[in-house]
């Protein structure tokens with residue numbers, strides 16, 4: 001959590017950027033002093049946004065590479081539920097550590113104290129519940145779609161995130177940015193095309209419906225998390241993370257009891273854990289925190305672009321690590337995704 | 001040549017649009033009358049531009065469909081050189097007919113008289129020579145690339161046309177329009193992907209160089225034709241066409257003598273002609289004239305967009321006519337091409 005140290009605590013969240021940006025328009029010479037401070041603020045915010053986005057991209061990409069690595073090393077032998085539980089526990093522990101440093105430096109304030117109200121905390125389990133429903137549906141969709149087909153259909157997530165971001169957070173994208181978002185979806189899908197991709201066009205109606213419902217659930221969970229985190233801009237992100245992850249621990253403890261109770265009792269909690277497993281748990285924990293940071297200091301749109309770039313990075317790195325071949329479709333998809341990123345920034349609404 | 005009749009002869013070419021558009025900015029109340037005329041002019045020009053572009057799109061698309069149809073009916077049994085000669089002759093005849101009507105209506109003027117100066121006519125054979133070189137290279141490139149691979153590499157034409165349009169005609173595209181152009185290239189290529197497309201990545205260096213040289217030759221020929229036609233804005237398009245096509249006839253007559261003299265002498269000029277052949281000749285002649293019209297009243301960029309849309313239309317129509325299957329790549333490419341068209345118009349430079 002080194003990022004946290006760079007942070008200028010007097011700076012608000014994204015929503016406040018716009019206001020301070022408006023003030024910083026140099027139309028009044030009396031405001032020169034204030035303008036300087038605002039320019040500094042904007043720079044700090046821009047730097048922080050870039051650092052969290054870059055971290056998320058690198059962590060997501062290395063996550064995918066670790067998955068390929070662990071699959072090459074053999075089947076998953078450890079229980080996934082215990083690993084998920086450990087990820088949530090690690091995230092909780094990291095948040096608490098960051099908070100301890102903060103308390104040491106600044107003392108306990110209204111914004112960084114851990115105690116909370118029911119009113120604040122009641123919404124925190126909702127994203128976890130949404131993801132749970134989505135993961136349950138995931139078992140059923142494979143009756144209609146194969147795994148590579150599901151990989152293709154998952155790109156609906158991009159569009160659903162954009163639409164729900166617009167509806168729920170009421171933030172506007174310019175027409176050029178919408179075009180960029182459509183291109184991002186098409187580009188990511190193109191990059192993933194292979195000789196079997198056309199099978200997905202034979203997906204039965206129920207498969208399409210489930211894919212769309214899952215994309216909506218996943219998009220809603222992401223946008224809802226952003227809404228929760230942004231609702232209290234001055235609240236410290238580590239407190240918000242702590243409460244998000246404590247519910248995550250709870251849900252995953254239940255999952256161990258329901259799915260893997262016997263296995264854990266007979267073979268032990270850490271049965272089948274290897275070095276790669278431990279790396280994966282650390283990586284998942286750090287990416288989870290990076291996602292929260294992106295929600296706090298950037299938004300879901302940035303998150304979607306970041307994970308798309310991670311997908312492309314993963315493929316390129318895999319060429320060197322695992323001798324993968326890149327297809328023509330991958331190159332074309334990468335060109336489209338790159339243009340989409342350019343257009344997203346070129347199409348920024350002028351305020 | 002019905003389009004010709006709708007034409008308002010007092011209206012200049014594209015280059016003049018910008019000037020009249022500038023005048024029509026309503027910042028001077030004295031100019032209200034003139035503004036009205038200019039608005040009318042702009043409408044007439046917009047309508048003519050749309051009609052020629054739409055015609056080119058439909059003709060190009062039906063051309064591709066006729067080719068599929070004639071291939072299904074069996075091998076080419078007629079000599080291609082005689083067919084090409086007839087296409088040029090037909091284009092000449094149509095241009096002369098249109099001119100005859102014009103002379104009847106308006107009398108012979110400086111702009112519509114057929115007689116010309118060496119200075120005007122000297123540049124007219126150049127595009128034909130460029131196409132000839134490109135077609136000669138086409139025989140050699142197949143030593144390095146197979147036919148479907150060549151189809152993919154031909155999309156370099158799009159980029160080369162854009163670059164040469166910028167350099168030779170010195171017309172500017174906005175950054176968004178350049179992005180759109182890259183997307184058009186990627187989208188067209190994506191739409192043409194099939195399970196063998198990845199072979200093209202194994203193209204040897206000479207193949208890439210030849211493909212790029214051919215794209216530059218073809219782009220240069222297109223842009224040069226536009227330069228010739230636009231150099232004399234007031235000159236009637238049918239006179240310009242007549243001189244372009246008369247050289248086309250000449251070059252194709254030489255081709256018959258060199259390639260098919262014996263066959264024509266022994267079997268006759270029209271040996272192997274069928275109903276589809278005649279349809280194809282008429283179609284090629286009309287598309288050739290449509291290309292000239294697009295060069296006169298629009299530009300090479302519009303031509304490239306038009307032929308890309310024609311490619312997509314052809315595939316969709318082929319589903320109904322020949323029971324073709326559309327791939328996922330085709331859908332993704334079509335989405336990218338559609339967004340490119342939107343961005344090209346959204347990214348117009350404000351004058």
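If you go along the chain as it appears here, the first residue is 1 and each next one adds 1.
Any Cβ shown, glycine's included, is placed from N, Cα and C.
Marked as transmembrane segment by TrEMBL: A:51-70 (among others). Through the fold, the transmembrane segment (A:51-70) approaches residues 3, 6, 76, 274, 276-277, 279-280, 283-284, 286-287, 290-291, 293-294, 297-298, 302-303, 306-307, 309-311, 313-314, 317-318, 321-322 of its own chain, all at least 6 residues removed from its boundaries and within a Cβ separation under 8 Å.
Annotation source TrEMBL lists transmembrane segment at A:82-100 (among others).
The annotation transmembrane segment is assigned in TrEMBL to A:121-142 (among others).
As annotated by TrEMBL, transmembrane segment applies to A:148-169 (among others).
As annotated by TrEMBL, transmembrane segment applies to A:176-193 (among others).
Sequence annotations record features per position, and here TrEMBL assigns transmembrane segment to A:205-229 (among others).
Under the heading transmembrane segment, TrEMBL lists A:241-258 (among others).
As annotated by TrEMBL, transmembrane segment applies to A:270-292 (among others).
Per TrEMBL, transmembrane segment is recorded for A:304-322 (among others).
TrEMBL lists A:328-345 (among others) with the feature transmembrane segment.
Here the transmembrane segment (A:270-292) has long-range neighbours at 1, 52, 55-56, 59-60, 62-63, 66-67, 69-70, 73, 76-79, 82-83, 86-87, 90-91, 94-95, 225, 229, 237, 240-241, 244-245, 263-264, 303, meaning same-chain residues at least 6 beyond its ends whose C-beta is under 8 angstroms from one of its own. In this chain, the transmembrane segment (A:304-322) lies out of contact with the transmembrane segment (A:121-142); the count of Cβ pairs under 8 Å, excluding pairs fewer than 6 apart in sequence, is fewer than 3. Counted over residue pairs separated by six or more positions, the transmembrane segment (A:205-229) shares fewer than 3 Cβ pairs under 8 angstroms with the transmembrane segment (A:82-100), which leaves the two as not touching. Beyond its flanks by at least six residues, the transmembrane segment (A:241-258) meets 79, 81-82, 84-85, 88-89, 91-92, 95-96, 99, 114, 116, 120-121, 124-125, 127-129, 132, 225, 228, 264, 288-289, 292 of its own chain at Cβ-Cβ distances under 8 Å. Below 8 angstroms of C-beta separation, residues 1, 4, 112, 114, 236, 238-239, 241-242, 245-246, 248-249, 252-253, 255-256, 260, 264, 269-270, 277, 280-282, 284-285, 288-289 of the same chain, each at least six residues beyond the ends of the transmembrane segment (A:82-100), sit close to that stretch. Each of A:176-193, A:304-322, A:328-345 was scored by its Cβ pairs under 8 Å to the transmembrane segment (A:148-169), and the highest score goes to A:176-193.
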